[in-house]
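Taken straight from Swiss-Prot:
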- 3-23: transmembrane segment (TRANSMEM)
- Arg212, Ser213, Arg214, Leu215, Ala216, Gln217, Ala305: (E)-cinnamate binding site (BINDING)
- Cys446: heme binding site (BINDING)
Amino acid sequence: MDLLLLEKTLLALFIAATIAITISKLRGKRFKLPPGPIPVPVFGNWLQVGDDLNHRNLTDLAKRFGDIFLLRMGQRNLVVVSSPELAKEVLHTQGVEFGSRTRNVVFDIFTGKGQDMVFTVYGTLAEMRRIMTVPFFTNKVVQQYRFGWEFEAQSVVDDVKKNPEACSSGIVLRRRLQLMMYNIMYRIMFDRRFESEEDPLFVKLKALNGERSRLAQSFEYNYGDFIPILRPFLKGYLKLCKEVKDRRLQLFKDYFVDERKKLGSTKSTTNEGLKCAIDHILDAQQKGEINDDNVLYIVENINVAAIETTLWSIEWGIAELVNHQKIQNKVREEIDRVLGPGHQVTEPDLQKLPYLQAVIKETLRLRMAIPLLVPHMNLHDAKLSGFDIPAESKILVNAWWLANNPAQWKKPEEFRPERFLEEESHVEANGNDFRYLPFGVGRRSCPGIILALPILGITLGRLVQNFELLPPPGQSKIDTAEKGGQFSLHILKHSTIVCKPRSFN
C-alpha cells in the first residue's frame, strides 16, 4: 500500500468517524434499538465480535443479550433473532416487510446483483419462483426423475462394492457421493450426466464450483463489506471472485445452455415429458419473462444451493450413523423388516420407513446445512418485538439455535432420532413448527425441500441396507468437527468410511 493511499484511508476514517458519531447520536434519540454490545465509531462492533459470525458465536451473543440483539458492523446494522416467536414474525407475520435480501459485495458478483432466484429483489421474487417451480419443485418432477435418483444411488453402491479399499482401510465416500449429486441435478437441469469422477468436464466444473464456494462462504471479506472505506484492501479478493464468476458462467453457457439450445433447434422438445428444466427456463426467456443473464444465474444457483447443501446433509447423516452404530442398526432392521432383505429402497418406500425419516430429520436439526438461513432485509424502518429496526438492516434468523436450544428441546446435543417419533412426532421439515426450520418458511423458504428429502432418504437408505458403515481401523468414531461459513455448516474433515458389504443370501 503506498503512502498516498494510506493518507487517504486515514482521512476517510476520520471523516467517517465524525459522521458516524453524529448519526449515532441522532438515531439514538429517534430509535428504540435492540440491545447489543456498545459500538465504537466507524468499526461498530466489528473489533469486538470479529468477522466470524457463525451460528455458535451468534448463539453465545444471544445468551448475553437476548432473543433479539443488534450488532453494528461498520456501517451496517445486523439484527439477530433467536426465538421461535421472533422467527415467525420475521419469516411469516411480517414476511413482506422483512422479505428483501441484503446486499453483499461478493454475492453481488456471483449473482449479478440479484439476477438469480435466491438473491433476487423482493418485487420480482414471485415471478422468479413461478418460473423455477415447474421445472424443479413439483411432485411431477419427483415422479419424473425419481428413477434416475435411484439409479444414481445404486451406482454409488455398485462402485463402492467394486473398490477393494472400501471394506478394508476405507474410502472418502463423499467423493463418489459428490458425483452422484451432480448427476442427479444435471439430469434434471440438462438431461446430462458424468460417467466418472475423472470426466474432464466434471473435474473442471467441480473445481470452479468449489472455488466459488470457498470465496463466497469465507468470513475474510466481511471487513470490506461492513466498512466500505476499507474496500480498496479487497481489490485482489474481488478481482478473483469476478474471474471465477466469469469462468463459471462461460462454462455453463458453452457446455450446457448453448448445447441444449442446439439440441432444441434440431429436435422437438415440445413434449412436456421430454423437457428438462433448462427447456422450461429457456421458454421463459423466449417469452421475455427473464433475460440471458437470469438463465445463467439460475444455473449458478442450482450448482450451489441444490447440489452442495444436499451433499453436506448426506455427509452429516453418514457421519452420525457411523458414530451411532445402534441407530444405524435400527435403520437397517426397519428396512429389512418392512421391505424385505435385499429389496432396494425406492422413493415410494420412504413413507413406510418412519425411523429412516426420523434419522433425516434429526440430521437436519443437529447439523443444519444453512444454520442462519439466507439473510433477510427490511427496505423500510420496521418494528420487531417492540424495537425499532432501521431500514436496510440485515436480519439473521439463527435457525440452528432454534432447533438446539435446551429450553425448547429435550437434550438437544444428543443425536436421537426417536424424538421425532415420540415427543416431537408432530414436527415436520416444512416449517410447521418455528423451532425447526431447516428449509426456512414463508416467501423466502427453500423450495428444494421437495427434492432434498427424497434424495436424502434414497441415498442413506441404500447405503445402510447394503453396507455396514464403520470408522477406519483403529478409530472408534470419525471426526465431526464443524466448519461454519456465511450461509453454511459442513463437516470440517471429509472422513474415511469403511463400507462392509452385506449378504442377502
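Glycine too: its Cβ is placed from the backbone N, Cα and C atoms.
Remember, it's a predicted structure, so these values are computed and weren't measured experimentally.
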Query - Pairwise Cα distance for Ala305 ((E)-cinnamate binding site)/Cys446 (heme binding site) [Å, integer] - result: 9
Query raised in the report: Sequence gap of 6 or more, C-beta under 8 Å: which same-chain residues meet both conditions with respect to Arg212 ((E)-cinnamate binding site)?
Result: Phe110, Val244, Lys245, Arg248, Val304
Requested in this report: Please give the greatest C-alpha separation between any two of the (E)-cinnamate-binding residues Arg212, Ser213, Arg214, Leu215, Ala216, Gln217, Ala305, in angstrom, as a whole number.
Outcome: 15
Query raised in the report: By a simple count, how many Cβ atoms lie within 10 Å of the Cβ of Leu215 ((E)-cinnamate binding site), its own Cβ left out?
Result: 19
